[in-house]
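Features as listed in TrEMBL:
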type	residues	note
TRANSMEM	12-33	transmembrane segment
TRANSMEM	39-63	transmembrane segment
TRANSMEM	84-114	transmembrane segment
TRANSMEM	144-162	transmembrane segment
TRANSMEM	174-194	transmembrane segment
TRANSMEM	214-238	transmembrane segment
TRANSMEM	250-276	transmembrane segment
TRANSMEM	296-328	transmembrane segment
TRANSMEM	340-362	transmembrane segment
TRANSMEM	382-401	transmembrane segment
TRANSMEM	422-446	transmembrane segment
Amino acid sequence: MSQEQWKSKIGFIFAAAGSAIGLGAIWKFPYVAGTGGGGAFLLIFLLFTLFLGAPLLIGEFLIGRKTKGDAITTYQRIAPNSSWGIVGIIGVVTCFILLSFYSVVGGWIIIYLFEALTGGLTGLSQDQYGMLFGEIIANPLPTLLAQLTFVLLTIIVVAKGVQKGIENASKIMMPALFILFLLIVIRSLSLDGASEGVKFLFVPDFTKLTSETILIALGQAFFTLSLGASAMVTYASYLPKTQNLPRSALSIVLMNIVIAILAGLAIFPGVFSFGLEPNAGPVLIFAVLPAVFSQMGFGMLFFIAFLILFLFAALTSAFSMIEIIVAAMTKKDKSKRKKYTWTIGILIFIVGIPSCLSYGVMSDVLVFDKTIFDLFDYAVSNVLMPLGALLISIFIPLKLSKSELFEEIRLGSHSGKMFFNVWYYLLKYFTPVAIIIVFMDALGLIDKIFG
Ligand code: PHE
């Protein structure tokens, strides 16, 4: 694919934003913020996103565009005869496990879409939505079928290599998602008792912060920006040298933050107004949103529109996950693209089956006290992605000289020395140190050493 290019500068931004904006901002952010205590979590998440996520995103873009390599080759080209390729392998493994449970949630969207279209969601009371959803996802056959459908949609698009066709669709879908979110937020803010939800999201209560929630906020910052898995490295490898990398990165960071906050504002007022619990976990958005929509004129119509856009956002992220695996595996023989995409996709579906059943027949199967779904989610978000991010932040300043980096960043942008230095030092010192501290803290080591 190295000779392939995005169709336009804005096309790349949409593709990379498409990878970034997905279940992470819309589905995961509200539920981890809900479990993590609201405002304090949001604040920490924002700090991590701005000071660790943004520099790292620029970094991933930079090495991807510089080497024009896939996730694994990039590291090998910059550091030949070293074992740094392992960073890319971690990325490939991360994306594999990630898509295995991501597709479960993608399936839930498809099921809801089906239910909404066939009238299964009309005329319920607020708490019935949560119950209905619990019943739906406990049912193995439809959920597996929906998960398979999600995987198949991903495979078909990526096997054809037509993600670039998606650029065009993104130009309409992304702004539409944004506008629809605004509408939902307006409605949810006018619910009785909405202010409780707003307070929950924006007023930090630091007593709720634990070492674990800080780690989750860190993982969330990387998850939403698709960082640490070399997905952004791969996407940037299809870029011309004229792309302004810092500007692209910052606009993606900003869009992501806006969507996450809108998702929070769409959900938490409803949670408090309907007397639900903010810490309901992965099912939160599915239990709350239909109830909010049911309070709107033409609610079902808007809900269907929302689900379509939500599905689209999830799919564009899923494309990038499978793309990085396929790109890394087909570097020598592009003609195998189709075969690899199908094989990998089907394998991912099979590995994802236990995650799907975690909400039904396998809900009692616990490993480290977690269901398989939660375990995979935890491993990807809170271990693999921060680990990948740590290694990338060490790799870049170690293997590329400051002047090389400055030269590369200036291609397509007019970044001054000052901006460059801020970026460079954040990436070189702040990012690895912060990740190590958060890891150590979560393992209880900080208390042991200093306590
Ligand atoms: N950023 C995506 C989301 O928020 C998830 C993702 C992670 C995609 C890593 C690709 C690689 O949904």
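Any Cβ shown, glycine's included, is placed from N, Cα and C.
TrEMBL entries are annotated by machine, without manual review.
Keep in mind that what you see is a predicted model, and the values were worked out from it rather than measured.
Under 8 Å from some Cβ of the transmembrane segment (296-328) lie the Cβ atoms of residues 1, 15, 18-24, 26-27, 70-73, 88, 91-92, 95-96, 98-99, 102-103, 105-106, 109-110, 112-113, 116-117, 121-122, 150, 153-155, 157-158, 163, 166, 169-170, 173-174, 176-177, 180, 183-184, 187, 226, 229-231, 233-235, 237, 289-290, 337, 340-341, 344-345, 348, all in the same chain and six or more residues away from its ends. With a cut-off of 8 Å on Cβ pairs spaced 6 or more residues apart, the transmembrane segment (39-63) and the transmembrane segment (144-162) reach fewer than 3 such pairs and are scored as not touching.
Within the chain carrying the transmembrane segment (340-362), a Cβ under 8 angstroms from the stretch's Cβ atoms is held by residues 96-97, 99-101, 103-104, 107, 134, 137-140, 143-144, 147-148, 151-152, 154-155, 158-159, 322, 325-326, 329-330, 371-374, 376, all 6 or more beyond its ends. Taking every recorded stretch in 144-162, 174-194, 214-238, 382-401 and counting its Cβ pairs under 8 Å to the transmembrane segment (12-33), the highest total belongs to 214-238.
Of the Cβ pairs linking the transmembrane segment (174-194) with the transmembrane segment (250-276) and spaced 6 or more residues apart, 3 or more are under 8 Å, so the two regions touch. Within the same chain, residues 22-23, 27, 70-76, 78, 120-121, 133, 136-137, 142-151, 154, 228-231, 233, 282, 286, 290, 304, 307-308, 310-311, 314-315, 317-318, 320-322, 324-325, 328, 344, 347-349, 351-352, 355-356, 373, 376-377, 379-380, 384-385, 387-388, 391-392, 395, 399 sit at least 6 positions outside the transmembrane segment (84-114) and bring their C-beta atoms closer than 8 Å to a C-beta of that stretch. Between the transmembrane segment (214-238) and the stretches 144-162, 250-276, 382-401, 422-446, it is 382-401 that has the most C-beta pairs under 8 angstroms.
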